[in-house]
Amino acid sequence: MEGYLSYKRFALIFLLLATAATSVQGQGTSVGFYSRTCPRAESIVRSIVQTHFRSNPSIAPGLLRMHFHDCFVQGCDASILIAGPSTERTALPNLNLRGYEVIDDAKTQLEAECPGVVSCADILALATRDAVVLTNGLSWQVPTGRKDGRVSLASETTALPGFTESIEAQTKKFTDKGLNAQDLVTLVGGHTIGTTACQFFSYRLYNFTTTGSGADPSIDLAFVSQLRTLCPENGDGTRRIGLDNGSPNRFDTSFFTNLRNGRGILESDQKLWTDASTKAFVQRFMGVRGLQALNFNVEFGRSMVKMSNIGLKGNDGEIRKVCSAIN
């Protein structure tokens with residue numbers, strides 16, 4: 001009898017966790033939304049992502065950035081995918097995004113399988129999850145049922161957090177989207193995969209201060225020398241450098257260790273360690289003794305679900321036939 005009761009308690013806890021993981025805000029999304037209308041939707045997207053990843057692993061961080069940049073402007077409505085003058089994808093923060101071809105290929109197959117059923121917004125959300133898994137991240141259940149937006153304006157990308165912004169400014173932008181400081185640290189932790197260009201951080205290496213080495217004092221001095229070799233003053237600003245020094249292609253917690261060691265590439269990233277309001281979350285992801293540990297992979301999935309449900313409500317929007325153009 002005792003064993004049976006223990007089993008029932010376990011089953012109840014599992015059910016509560018599953019319910020918490022799939023409860024969402026905004027559009028009335030749900031896990032398995034296409035189970036009847038397009039049963040193979042998720043497997044089709046997964047297969048397309050795997051195929052592209054095998055030939056070009058950089059699509060993993062590319063899709064992750066694209067999804068983030070989409071959600072922070074008008075919500076997760078695939079407006080980032082719309083092509084044309086003055087659209088979001090033409091804005092400076094989005095010029096180096098990659099992975100559009102993955103979404104287009106998935107959409108083509110899904111339209112052949114289930115015409116007019118699966119939104120581009122859902123394809124992007126699913127593809128992002130599948131891409132993270134391919135870099136050693138844990139999977140998570142993605143609520144689906146989003147609609148695609150009809151508006152895409154480059155001028156609205158000011159909602160995106162900037163690489164020089166203070167933690168206060170970043171937190172405000174996250175709060176505006178219904179996210180908190182832990183979500184900020186967790187989602188920025190996505191920089192454990194991918195690269196950035198010298199032009200976005202080399203200013204930290206030269207004439208940042210008028211004393212000492214002239215570099216940003218929050219950067220480890222030995223690391224300054226390494227970065228100056230990779231990004232010489234007045235050198236090629238488009239050269240790509242891994243955001244996670246040591247394992248830029250593996251989804252892990254080394255990004256947070258780098259912050260502790262003064263090896264954050266972007267100024268906004270390093271501030272997660274130097275600002276008291278976010279430092280404790282970095283430490284908890286690192287498993288610092290004396291603090292309640294946080295499992296980065298688990299929390300990342302939870303924060304992604306929260307972020308991926310920012311957006312359109314009710315029946316607003318459409319199901320685009322082609323992701324790069326409104327119907």
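Cβ atoms here come from the backbone N, Cα and C positions, even for glycine.
The active site, proton acceptor annotation in TrEMBL covers H69. If you take the C-beta of H69 (active site, proton acceptor) and look for same-chain residues 6 or more apart in sequence within under 8 angstroms, you find I80, E88, P93, N94, L97, T157, L160.
Annotation for D70 (Ca(2+) 1 binding site): same-chain Cβ neighbours under 8 Å, separated by at least 6 residues, are C76, D77, A78, S79, I80, L81, E88, A121, L124. Annotation comment: TrEMBL describes D70, V73, G75, D77, S79, E88 as Ca(2+) 1 binding site.
Counting Cβ atoms from all protein chains shown, P161 (substrate binding site) has 20 others lying within 10 Å of its own Cβ. Among the features that TrEMBL reports, substrate binding site is placed at P161.
The Cβ of H191 (heme b binding site) lies under 8 Å from the Cβ of L243, D244, F255, I265, L266, D269, each of these being in the same chain and 6 or more residues away along the sequence. The feature heme b binding site is assigned by TrEMBL to H191.
Taken from TrEMBL, the feature Ca(2+) 2 binding site applies to T192, D244, D252. Within the same chain, residues at least six positions away from T192 (Ca(2+) 2 binding site) with a Cβ under 8 Å of its Cβ are L243, D244, S247, P248, R250, F251, D252, T253, S254, F255.
For C114 (disulfide bond), the same-chain residues 6+ apart in sequence whose C-beta sits under 8 angstroms from its C-beta are Y34, T37, C38, A41. Per TrEMBL, disulfide bond is recorded for C38-C114 (among others).
Taken from TrEMBL, the feature disulfide bond covers C71-C76 (among others). Remark: C71 (disulfide bond) has K177, M307, S308, I310, G311 as non-local neighbours, by Cβ distance under 8 Å and separation of at least 6 in sequence.
Residue density at C120 (disulfide bond): 30 other Cβ atoms are found within 10 A of its Cβ, drawing on all protein chains shown. The feature disulfide bond is assigned by TrEMBL to C120-C323 (among others).
If you look up TrEMBL, you'll see C198-C231 (among others) marked as disulfide bond. All protein chains considered, the CB of C231 (disulfide bond) has 21 other CB atoms within 10 Å.
According to TrEMBL, the domain 'Plant heme peroxidase family profile' annotation covers 28-327.
The signal peptide annotation in TrEMBL covers 1-26.
According to TrEMBL, the site 'Transition state stabilizer' annotation covers R65. Taking the Cβ of R65 (site 'Transition state stabilizer') as reference, residues of its chain lying under 8 Å away and at least six apart in sequence are, in sequence order, L97, G190, G194.
Across the fold, the C-alpha of C323 (disulfide bond) and the C-alpha of C198 (disulfide bond) stand 31 Å from each other.
One way to see the shell of the Ca(2+) 2 site is to take the Cβ centroid of T192, D244, D252; the remaining same-chain residues with a Cβ within 8 Å of it are G189, H191, I193, G246, S247, P248, R250, F251, T253, S254, F255. Fewest other C-beta atoms within 10 Å: among the recorded positions V73, C198, that description fits C198.
Mean model confidence of the domain 'Plant heme peroxidase family profile' (28-327) amounts to 95 (pLDDT, 0 to 100 scale). Of the listed disulfide-bonded residues C38, C76, C323, the Cβ environment within 10 Å is emptiest of other Cβ atoms at C38.
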